[in-house]
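TrEMBL annotations:
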type    : residues                             : note
BINDING : 70-71, 95-101, 120-124, 190-193, 250 : GTP binding site
BINDING : 101                                  : Mg(2+) binding site
Ligand SMILES: Nc1nc2c(ncn2[C@@H]2O[C@H](COP(=O)(O)OP(=O)(O)OP(=O)(O)O)[C@@H](O)[C@H]2O)c(=O)[nH]1
Ligand SMILES: [Mg+2]
């Protein structure tokens with residue numbers, strides 16, 4: 001909320017209720033890194049008052065101009081429940097948390113009794129030099145996640161590079177890497193839910209970032225297909241293996257269930273021949 005209070009001020013957005021200024025001053029007074037449950041409960045009502053003020057919502061709608069987590073609105077909408085003393089995080093709450101991957105995490109999932117090793121690496125710039133260590137001859141597929149809703153945002157790392165462009169450039173280096181020519185790539189065009197909200201937001205427009213976009217900027221299908229084509233077009237001729245794609249919403253367990261089943265089939269089919277030989 002401190003970030004939003006600060007953004008409202010810098011963006012010169014007028015309070016809907018002038019009394020919110022008092023609540024804002026109270027929030028600004030907090031200097032610390034964490035709150036215990038009791039302190040949090042005390043702040044919750046103040047934060048709630050601010051979140052209800054249209055000025056803060058307006059600042060949030062302009063968040064492409066500053067850095068704030070996409071899950072902020074989810075947690076602020078759920079504030080009353082979260083501030084309760086008997087609060088226990090739900091699966092959905094946990095899925096909305098942001099914890100950047102620092103390092104390399106490995107876990108095995110058995111698919112039709114065949115153990116598949118999944119390797120999770122961090123996407124932030126500082127994490128990428130760790131990727132090369134994970135790429136050896138045993139890699140059968142690469143799952144690449146793109147935040148499609150970030151077409152109007154800049155990197156937290158340098159505050160100037162467009163996030164979708166950065167993602168596309170990394171995808172380019174992977175897709176066109178000679179070492180991965182025969183490895184299937186599964187592209188997840190993720191954050192579909194946030195993209196759906198964004199195409200309706202009058203504070204932004206994909207054409208401001210991609211003037212070559214000729215579709216309807218308020219149609220999620222048009223925007224999704226444009227981004228898909230943009231990523232598919234980076235592929236150069238030497239690549240022989242397929243690039244599969246899925247439109248995903250990683251915080252929707254039902255969607256991920258369907259996508260995972262499909263990915264499972266892809267991985268199994270593509271590797272069946274090799275597995276039978278073992
Ligand atoms: N609404 C919504 N939020 C998402 C979706 N996918 C991820 N998030 C949120 O985006 C934030 C970042 O997700 P992470 O899983 O940490 O992303 P990551 O790509 O692993 O990030 P690094 O570990 O830094 O590479 C979290 O707050 C997630 O809850 C999505 O499809 N929809
Ligand atoms: Mg991660």
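Cβ coordinates come from backbone N, Cα and C, glycine included.
Here the features listed in TrEMBL are painted onto the structure.
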residue : record              : contacts (Cβ under 8 Å, 6+ apart)
70      : GTP binding site    : 149, 191, 194
96      : GTP binding site    : 71, 74, 75, 251
99      : GTP binding site    : none
101     : Mg(2+) binding site : 120, 121, 122, 123, 127
250     : GTP binding site    : 95, 145, 188, 190, 191, 256
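The Cβ of residue 191 (GTP binding site) has 22 neighbouring Cβ atoms from other residues within 10 Å, across all protein chains displayed.
In this structure, of the binding-site residues 120, 123, the smallest number of CB atoms within 10 A of the CB marks 120.
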